[in-house]
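*Asks:* My questions all concern the structure below.
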Amino acid sequence: MTALALRLRRSRHLPVVAAAACTLGLLLVGSLYSRNFLSADYLLLQLQIASFLGLVATGAMLVILLGGIDLSVPWLVTVGGVMSAAAAGWWGPAGEWLAIPFGILCGCLFGIVNGIGVAYLRVPSMIFTLGINAVAQGLIVVQTGGFAPQDRATPAMHLLATGRSLLGIPNPLLVWIVVGACTLFLLHRTTLGRAIYGVGNSERAAYLSGVDTRRVTLLCFAIAGACSAAAGVLLTGYSTKAYQAMGDAYQLPAIAAVVLGGTHILGGRGSYVGTVVGVILITLLQSILSVMQIPEMGRQVIYGAVIIAMLLMYGRGRRHSQ
Amino acid sequence: MREDWRFRLREQRACWTAAALFVLIFALYIAKHQTGWTVPVLTTAANKGVLLAIVAMAQTLPVLTSGIDLSVGMVFVLANCLASHLVVGTPLQAAAGVLVVLAAGALCGWINGAIIVYGRLQPIITTLATGAVYFGLALGLRPVPGGDVHAGLADALTGALPGGIPAMLVVLLAVVLLVWVPFRRSAVGRAALAIGSAEAAAYMSGVNIGRTRLVTYTLAGLLASIGGLLLTFVTYSGEASAAIGGVYTLNSIAAVVIGGTSLAGGAGSAIGSVFGALVLRTIGDLLFVFDLEPLWQPLFQGVILLAAVSLGALRLLKVDNRLDLFK
């Protein structure tokens, strides 16, 4: 038993296992409150909601693995939503499906600008993505004329966000599964994946080993922008219309999910499985807090305290003397 | 002696650049303003600018140690809500209220520091989470905007002194002289900079890293609560708004960068951040006097911010060894 515990502590899987245990614990606490928490319907609904956060967290994780951080999530999500709805308005029936890639492309373009700033201009990612966030906000305000846009989500977007096409699995969850599988493949089976971990550990060493570290950084930020925008497109389909500041609720939970899943905030270490567990954990926590009808105040306090408490359990750094 | 003077100038070049930029923009603002250099205009500008300046000072301290405090905006909001309850009544009660608000801010900062030092968690994620907690507390204190503040005190601090000097600027000067200057000149301040430049080396040299961090974050909380207190005097009410907290946190980081403090830590000063904050605020006002269509203002502000932080890329032109690009 102790040998197992010791091996677990030495391995890199401890955070994932601990986060999964916390998720199960949360479910048990919830089921004491109401039987519904263990029903398949409720769990599928939670996974459907989690897939929006899951998409954002996928992009956030890639950037965090590099040792950066993407603070442009709120308005890139909005860019995805607003631009896809707007494209649907411009192109009429022909744009019904085309609107989806267009929204994602817009987010990807912002991501590329992020990448250029961080990789080639060497501006710290925290401040550059903040600036892009402000620019994206400005562009959306100009584009929509300062009002809530009248454009509605197309039926295709609605279907993608709320339908259940395969075996009763919600479509957004399918999207997340596909994106997640691609990310797993990218991180563990490609040279780009190795390069991402390499840059996160030591960009100098990666550069000296022949990795074009700046292109790797650029690519990750582009993917992160696309992921945020994709979440925005899905969210627009889910709520049938795009609105300003629709992404405000995603920045902090995305970073929290990545970190709770065991990815090191300074980069170089972490697994995608952990991020998945972290996303589910955060979504369940939010759901349970709202089902228990705790006022907003208590929700914020518990939310923050739970993150700190869980990180204190398994996310602590090393002592100086080590 | 002359070399010494040159060295100091070079060390504080970023700070002077920010100051020069502020003077330039502010001159433009006054020149374009309808009424120009009058006491009410100056007082309004000072009231708005000093709030961000003090929060930016708060942000500077953790950044110097290569940390970051993403909860400054929320401590600011919490102090605002607390002050709208406590700083009322007789002068004596109001004074006690002020002390309680400042103590609460320092406590918030101390909690951040304690989790980072004793819990050994990363500052960025710690303060993200504690920020949510502080905002929740603020929401508990003020579910809806409202409250009151001691009118005499508020009028005195947000008005102008005889001679037309905005009282807020005197407050800012006092905060700089009472908090930043003693900190910078103390062993703790030097230790904070040492941690920021090379933590392992500082540890080996016997710097008490834990205590230094604790002091730094506590002071950041204290400064943020001073800002929140002043906000109460400006608005005469308290409001628990996530948007205000978020905007102040993000602008404080931008102000720190414009003021020449390196986000990697180890170099910079709170004075630079003060000017960085004033620059940011004046740019916002500049759009107003130039009659730009309100629709374009957020975009313009974003582009200016982006351009300001990208200016640092000019140093890349001087890099001889490409390896120096990567830390």
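Each residue, glycine too, has its Cβ placed from N, Cα and C.
Here's the feature list from TrEMBL:
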type	residues	note
TRANSMEM	A:12-33	transmembrane segment
TRANSMEM	A:45-66	transmembrane segment
TRANSMEM	A:73-91	transmembrane segment
TRANSMEM	A:97-120	transmembrane segment
TRANSMEM	A:127-148	transmembrane segment
TRANSMEM	A:168-187	transmembrane segment
TRANSMEM	A:216-238	transmembrane segment
TRANSMEM	A:250-266	transmembrane segment
TRANSMEM	A:273-294	transmembrane segment
TRANSMEM	A:300-317	transmembrane segment
*Asks:* Let me spell it out: take the transmembrane segment (A:273-294), skip the flanking residues so only those 6+ beyond its ends count, and list any with a Cβ under 8 Å from a Cβ in it.
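*Replies:* Distant contacts of the transmembrane segment (A:273-294): 15-16, 19-20, 22-23, 26-27, 29-30, 33-34, 37, 46-47, 49-50, 53-54, 57-58, 61, 180, 184, 253, 256-263, 302-303, 306.
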*Asks:* Where else in the chain does the transmembrane segment (A:250-266) make close Cβ contacts, counting only residues six or more beyond its ends and a cut-off under 8 Å?
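*Replies:* Answer is 12, 14-16, 19, 52-53, 56-57, 60-61, 64-65, 67, 69, 71, 73-74, 77, 200, 228, 231, 273-279, 281-282, 286, 307, 310-311, 314-315.
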*Asks:* Any contact between the transmembrane segment (A:127-148) and the transmembrane segment (A:12-33), i.e. 3 or more CB pairs below 8 Å with pairs at least 6 residues apart?
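*Replies:* Not in contact, no.
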*Asks:* May I ask which of the stretches A:12-33, A:45-66, A:168-187, A:216-238 has the most CB pairs under 8 A with the transmembrane segment (A:97-120)?
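*Replies:* Comparing A:12-33, A:45-66, A:168-187, A:216-238 against the transmembrane segment (A:97-120), the winner is A:216-238.
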*Asks:* Is it true that the transmembrane segment (A:73-91) and the transmembrane segment (A:216-238) have 3 or more Cβ pairs under 8 Å, skipping pairs fewer than 6 apart in sequence?
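*Replies:* In contact, yes.
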*Asks:* Near the transmembrane segment (A:12-33), which same-chain residues lie under 8 Å Cβ to Cβ, leaving out any that are not at least 6 residues past its ends?
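*Replies:* Distal contacts: 260-262, 269, 271, 273-274, 277-278, 280-281, 284-285, 287-288, 291-292, 310, 313-315.
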